[in-house]
Amino acid sequence: MGPLTLAVDSKSCSGTSSNEYSKRTQYAPIGTRKSFASVSLHEDKPFDFLRTLFEGVIAGGTAGVVVETALYPIDTIKTRLQAARGGGKIVLKGLYSGLAGNLAGVLPASAIFVGVYEPTKQKLLKMFPENLSALAHFTAGAFGGVAASLVRVPTEVVKQRMQTGQFTSASDAVRLIASKEGFKGFYAGYGSLLLRDLPFDAIQFCLYEQLRLGYKAAAKRELNDPENAIIGAFAGALTGAATTPLDVIKTRLMVQGSANQYKGIIDCVQTIVREEGPPALLKGIGPRVLWIGIGGSIFFGVLERTKRFLSQRRPTLPEDSKQD
């Protein structure tokens, strides 16, 4: 107790009250969490769950809409490549088919994902030791993916049916899917999407956060927008390439409609390998890596900038709180 008393007394008068002492020691550990540099919060401010949730929703929704609008044509080409059986030709018309309806789903899905990811990440980082920060990021990404999937899947089903020319408008797609396949038609391929998105979200965000931490520690400063974008592109491209087979399976299950060509994930894999060969599981890997690489660059760049913008506009603490 001797060194602690001396440390406090050196910065205050000898008459420091026990209340003031407890306040000082209460916030002392905050300065030790240096490795959690990816959090876009000032380290001297306490964790505010609702504020973090709100900022995550706004930042995630903004980033999702920007990247989806910019890269939708590449996603359409990727979907058509994956949906084509055998040597089917790829039509390059209507590359923005279904964009409006898709944005109506991307906005809430991205908002929900980041809105869940950010506060979950911060809670886990407080619970886990520093050497397990990667596990915190990985777990938070998985939680975000599960929450967002409730909106992502119906959006993905409608989007991919339109991209492959089955419907001409989002309203027609919704109406006809509901009438022919029922409510479950909107969740066609739900298991395969979770099989793709959970590892994708968890790995991509974990890789991105860990690369940021390492870069920031080496540079000993905050990262700028181009650096965030480059790290986001690398994390997205690498994760996109690794999960391409899962994406092919998900696409085939979602676009089959009421024909039910595949009985499930395992049957889908076996049928593709038997009829088209193992390389078919990598269909669309080029556009997918390009799309997600560029998309990761845009998404994380916009995400970090929006988070920083919102962080700078938080209400400031009262002067006496800062001194505490």
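Note that Cβ sites are derived from N, Cα and C of the backbone, with glycine treated the same way.
All annotation found in TrEMBL is predicted automatically rather than curated by experts.
What TrEMBL lists as repeat 'Solcar' is 51-123 (among others).
Here the repeat 'Solcar' (132-214) returns a mean pLDDT of 88 for the predicted model. Under the heading repeat 'Solcar', TrEMBL lists 132-214 (among others).
Per TrEMBL, repeat 'Solcar' is recorded for 227-309 (among others).
Sequence-remote contacts of a segment are chain residues at least 6 beyond its ends whose Cβ falls under 8 Å from one of its Cβ atoms, and for the transmembrane segment (53-74) they are 95-96, 99, 102-103, 106-119, 287, 290-291, 294-295, 298-300, 302-303, 306-307, 310-311. Residues annotated as transmembrane segment in TrEMBL: 53-74 (among others).
A Cβ distance under 8 Å defines the sequence-distant neighbours of the transmembrane segment (95-114), meaning residues of its chain 6+ beyond its ends; these are 56-61, 63-65, 68-69, 72-73, 76-77, 144-145, 147-148, 150-152, 154-156, 158-159, 162-163, 165, 168-171, 173-174, 201, 303. As annotated by TrEMBL, transmembrane segment applies to 95-114 (among others).
Beyond its flanks by at least six residues, the transmembrane segment (134-153) meets 38, 105, 108-110, 112-114, 116-118, 120-121, 124-125, 127-128, 186-187, 189-190, 193-194, 197-198, 200-206, 209-210 of its own chain at Cβ-Cβ distances under 8 Å. Residues or ranges marked as transmembrane segment in TrEMBL: 134-153 (among others).
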Per-state residue totals over the repeat 'Solcar' (227-309) - DSSP helix, strand, coil: 73 helix, 0 strand, 10 coil
